Amino acid sequence: MKDSLVLQSRVPAHPDSRCWFLAWNPSGTLLASCGGDRKIRIWGTEGDSWICKSVLSEGHQRTVRKVAWSPCGNYLASASFDATTCIWKKNQDDFECVTTLEGHENEVKSVAWAPSGNLLATCSRDKSVWVWEVDEEDEYECVSVLSSHTQDVKHVVWHPSQELLASASYDDTVKLYQEEGDDWVCCATLEGHESTVWSIAFDPSGQRLASCSDDRTVRIWRQYLPGNEQGVACSGSDPSWKCICTLSGFHTRTIYDVAWCQLTGALATACGDDAIRVFEEDPGSDPQQPTFSLTAHLRQAHSQDVNCVAWNPKEPGLLASCSDDGEVAFWEYHQPAGL
């Protein structure tokens, strides 16, 4: 198992600071990192080396907590503790802040683009999730403020192909939202975690959602449509979400991030015990009660908490991670024989 994750490279991405989050562009050629130094750095390869292609330092007054690329790859959004979200436009190797989105009362914790590129979601310590509409002139308008959570909202993520939004919160729940009429509504609340839910990730099909928590577990939730063969009850025309698997006993501290590889289906976690773990669904396991095996466990992946793991969208097995130690590491994951 120790040979299944091999270090490719390590870079001091945000020296003397925490590196909070990573995001690959859609073509998998660039990686954005952000940190407590208020900067965003863009990484790319030259030969076999990862180098910093540009530094975005003018947008924010405080920590940059999350970054997200638009589906077209021409824009980068950044969420900051200064309560704003910046939209950066890519122009060859340069990035220009073209819009600053304001409205949240406190730190913005996460930002995510819908697969169409026409919608953006942000969430904040002010307990709200905002949905923004983007028009052809790159004007951003808030079309909905969702206040379903009772505490700090940590993360937002969109379904890979539908306009279905999910959020994770300090209130121990995951919530799902969809558009109804001309507004957005909460259509499901996923309860089961016993502490803060830090991150969530859809599987490649969008039928399952993984969530990770301060309770040291990963939960896998599955969507059931009305009239499903399994007899899972649904309310009206809304799908129902049910926890079908809990990964417990593997992590010794808070799990800060979970990433579901869109190419292979491998599930990676970032943990407060300085480790990275990878899980794979067992061949032939029951889709209604799947089982997962730990296929990689790198104990000292970083010298401090691991905050984020991100699979490259085009190159199977390429995984990036970042940590409170300020570093970004690039790993090659090799699927064990027999899977």
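Heads up, the Cβ atoms here are built off N, Cα and C, so glycines get one too.
Residues or ranges marked as repeat 'WD 1' in Swiss-Prot: 14-53. Long-range Cβ contacts of the repeat 'WD 1' (14-53) within its own chain (Cβ-Cβ under 8 Å, at least 6 residues beyond either end) map to 59-69, 71-73, 76, 78, 80, 88, 93, 95, 307-315, 318, 320-328, 330.
Per DSSP, the repeat 'WD 2' (59-98) is made up of 0 helix, 24 strand, 16 coil. Here Swiss-Prot flags 59-98 as repeat 'WD 2'.
If one looks beyond the repeat 'WD 3' (103-142) by at least 6 residues along the same chain, the residues whose Cβ comes under 8 Å of a Cβ in the stretch are 62-63, 65-72, 77-85, 87, 89, 148-163, 165, 167, 169, 175, 177, 184. The repeat 'WD 3' feature in Swiss-Prot is assigned to 103-142.
Counting residues 6+ beyond its ends, the repeat 'WD 4' (148-187) has Cβ neighbours under 8 Å at 66, 109-116, 119, 121-125, 127-129, 131, 193-202, 204-206, 209, 211, 213, 221, 238-239, 241, 262 in the same chain. Swiss-Prot lists 148-187 with the feature repeat 'WD 4'.
Under the heading repeat 'WD 5', Swiss-Prot lists 192-231. Below 8 angstroms of C-beta separation, residues 154-155, 157, 159-162, 164, 166-170, 172-174, 237-248, 251-263, 265, 267, 269, 279, 287-288, 290, 292 of the same chain, each at least six residues beyond the ends of the repeat 'WD 5' (192-231), sit close to that stretch.
Outside the repeat 'WD 6' (250-289), and at least 6 residues removed from its termini, the chain residues within Cβ reach (under 8 Å) are 4-5, 160, 196, 198-204, 210-214, 216-218, 222, 230, 244, 295-311, 313-314, 316-317, 319, 321, 323, 331, 333, 335-336, 339. Residues or ranges marked as repeat 'WD 6' by Swiss-Prot: 250-289.
For the repeat 'WD 7' (301-339), the DSSP counts in helix, strand and coil order read 0 helix, 18 strand, 21 coil. Feature annotation from Swiss-Prot assigns repeat 'WD 7' to 301-339.
The repeat 'WD 3' (103-142) scores a mean pLDDT of 96 in the predicted structure.
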